[in-house]
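Visitor: Structure provided below as structure tokens; questions to follow.
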Amino acid sequence: MATPTRAATTAAGLLLLLLLVAPAGTTTGAADAVRRLELEEGAAKDANVEAAAPPGRAPAPPPPPVAGTPAQFRGQPLLPRFAAPRRYDLRIRPDLVACTFSGTASVAVSVSAPTRFLVLNAADLSVDSASIRFRDLAPKEVVFFDDDEILVLGFSKDLPLGEGVLSMKFNGTLNDQMRGFYRSKYQYKGKMKNMAVTQFESVDARRCFPCWDEPAFKAKFKLTLEVPVGMVALSNMPIANQTVAGPIKTVRYVESPLMSTYLVAIVVGLLEYIEGVTPEGTKVRVYTQVGKSDQGKFALDVGIKSLHLYKDYFGTPYPLPKLDMVAIPDFAAGAMENYGLVTFREVALLFDEESSAESSKQSIAITVAHELAHQWFGNLVTMEWWTHLWLNEGFATWMSNLAVDSFFPQWNIWTQFLDDTTAGLKLDSLAESHPIEVELHHASEVDEIFDAISYDKGASVIRMLQNYLGAERFQKALASYIRKFAYSNAKTEDLWAVLEEKSGEPVKNMLTTWTKQQGYPVINAKLQGNYLELEQAQFLLDGSSGPGMWIVPITAGCGSYYTQKKILLKGKSDRLDIRDIASQCGNQEKGGDFWIKLNINQTGFYRVQYDDKLAAALQNALQAKKLSVMDKIGIVEDSMALSMACKQTLTSLLSLLYAYRGEADYSVLSHINTVSLSIAKISVDATPGLVGDIKQLLIKLLLPPAVKLGWDPKDGESHLDSLLRPVLLVALVKLGHDKTINEGVRRFSIFVHDHNTSLLPPDTRKAAYLAAMQNVTTSYRSAYNDLLKVYTESGEAEERGRVLSTLCYCKDKNIVLESLNLVFTNEFRKQDAYYVLQGLGVETRDTAWVWLKDNWDRMAKKYGDTQEGTFIRYVTTLFTSNEKAAEFSRFFATRKKPEFQRTLKQSLENIRISARWIQGIKSEPRLAQTVEELLHRP
């Protein structure tokens, strides 16, 4: 599943942490914590059914489970293993008008141990208890435990060992929560229509049909859909045959290979497609709303190339006879890798030459390549349990970069991959982070680990391992792993075993330190004669040192990239003998020639803190342009993190930034831009009297490359220049550069009257929209009204998101409130809430917090449990005081939900980190003097 990594932060806006899906719709059965049907007259009532408490008294805690009763299965993280599905035969009929569905399930179940129970998952479904049969036996008890989302079938005697068929009827609601089996709205010939869509990852197949909804319970699926004539009905496999009876078309699909429930998929709607064929003969299609299929051409090309590349890389053909990619109007994640039927947000799949930014093309390529990598890593070989989610997401993230770099080498994707590494390092700097392999005890916890640890840290650790083993050995080992575990499940240890066997290296011993404990080290480097003294400590942004210890593959360059030293740091400290390369280090008395850089090209997942002498030498090397692009990024990102942790001053960070004057590379400037905006933001609270000068200094740094690029694209300019232009223009607007703002307003006023003007192509629109919003007030709101009109009239998801992301970017609290309230309007797509929140700034943070408090219940009802974390994160992290963190903690103390607890804790920790950073900045004696000196330096 694609989430908010680098691909998600481009104009396509796949806020990858929005991949968290919202809760399903109304339960059609009873709403008690336990629902029970007694099927035999006179059967005893279940002692664990919760009775209503007298008014004013809390309900009594349930008694402990009684062995031999359905209640014994409550509160368990996993389903019991005494029975497992082998084959599902499903027949489902969605009603796109009433927004309901009904179905039947016949499941071949293998009973492997004595039991009188069958335990499976079901949620938000009404199951016809009278229809349930197993080997023609009716259950004595049918008990739903809603909190655990399980259905327990109790029979009067032990079930026969071996295989039998479990059958039942069920029905449910096509919910509006982008989860389970849901409805998505779209326009067709001027009328609103409903599309039926599934999103089952991580634990929502149970909301469509009763099933063993865990990755380890792989089975074959044979699906039949009954849909209105004229509708396109898609599933994982090709159509076997179809018949028509009156207004209903019955579509039967070829039986699938073994697969997990979260990969089953259904899409029903009015769609059109374009298609192509891989060199191996696999048919690939892109499905869209009617009238948009041409926008799928780029994704189709990337998809065909990806399947071919992965077949060669893994040494295993694509396992299915077809691949469909479908653009869904309402979609919570960026995309979902369903086996043979991959679903996407429209912005993640469709590229419109008229309205799409250049960054969207790259985002689409990364997202398509990510999802198709899952067809091997995730679908063919599936993690045993969600603890090993990173095997899916980390590898798909890494493979997508490998693929896109192969297709578009001019994009320098591996340099841009450092965006992903930076995201992983930032989250893993928190005490409230988690290990790559994280223990989960309930289905409600799963969604919160679809984050920068599973994706970005996972992919970065893979890159580090590949660099350590070598590309060829690594590829051969992965191919062997895929062949060994095809159509089955694997754990992280299984991967280490294969890599160790094929490489002869102690992979498990080293990598376990990276996957089973959270965090990462900072390597402190000191030069003592001909030795480089190294010492590791866990890096935390709160300034403390955690207990972690890693086996770290360290690389070092000394005055040159031609020869590198390598060492495997296995303990707390070590010494690196550099005598054999000392001659390359240059003359220590000649600035720029002498330098020592650790973590060459940032292949390792760690930070480095140099002693003063080494740090000064690196800064000289930066100014002398001696360092690689990747190392330039690593130095500034490490320096930023050390400053936030108060291990380095903001004064020294600003001096370092000045060494980047004259930089022209997109990736380097993109990171400089992010660091600059973070400094500007913290300065508002840390040094209010100096914030204007700090912003002018940052403008001085970013303005020259922006002036060189200008507002207008040039014929034949590179992809990277097209990406850089909007990054710089948006930054200059946010930093308050008057000329950029005025030019943006001018171009926007022309665009308002002519949307086809060449003066405002898609790449630069956001900068102009932000500029136009600068002076919007309640009494002077014409620009705001113009943007709302662009939003309502645009049929393109990317343009609508672009507008939404700017509407809160003003100082008028009434306009901000009006913009925030858009999330409650009927026309607003729930997936787009984070766009609106993106525009919030320090000036209106108090308004946003009051709004969130006042509307919490309303928001929670509309957006559901797992999207609440998005609202929490965007609003709370605007604040920087311990007092505010305490206020947030008090407010949410009575609103705790497991779905957003990790997000809340991380948000509160970030606030406290900012508060500590502010105190450190306030105590810096030379900050004002340094800013003044740098402002007047040529």
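From the backbone N, Cα and C atoms, a Cβ is placed for every residue, glycine too.
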Visitor: Going by TrEMBL, His370, His374 bind Zn(2+); tell me which of Glu346, Glu353, Glu393 is listed for that site too.
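Guide: That Zn(2+) site, as TrEMBL gives it, pairs His370, His374 with Glu393.
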Visitor: Identify the region 'Disordered' range according to TrEMBL, selecting from 48-72, 498-522, 573-597, 898-922.
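Guide: Residues 48-72 are the ones TrEMBL records as region 'Disordered'.
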Visitor: For the Zn(2+) site given as His370, His374, Glu393, which other residues of the same chain have their Cβ within 8 Å of the site's Cβ centre?
Guide: Met1, Ala2, Glu337, Glu371, Ala373, Phe377, Gly378, Asn392, Phe395, Ala396, Thr397, Met399, Ser400, Tyr455
Visitor: Pull out the recorded positions from the set His370, Glu371, His374 whose C-alpha sits within 10 Å of the C-alpha of Tyr455 (site 'Transition state stabilizer').
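Guide: Taking His370, Glu371, His374 one by one, none has a Cα falling within 10 Å of Tyr455 (site 'Transition state stabilizer').
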Visitor: What count of other C-beta atoms do you get within 10 angstroms of the C-beta of His374 (Zn(2+) binding site), across all chains shown?
Guide: 27
Visitor: Would you identify which of the recorded positions Glu371, Glu393, Tyr455 has the most other C-beta atoms lying within 10 angstroms of its C-beta?
Guide: Tyr455
Visitor: Tell me the coarse DSSP state (helix, strand, coil) of Glu393 (Zn(2+) binding site).
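Guide: DSSP assigns Glu393 (Zn(2+) binding site) to helix.
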Visitor: Looking only at C-alpha atoms, tell me how far Glu371 (active site, proton acceptor) is from Glu393 (Zn(2+) binding site), rounded to the nearest Å.
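Guide: The Cα atom of Glu371 (active site, proton acceptor) is 9 Å away from the Cα atom of Glu393 (Zn(2+) binding site).
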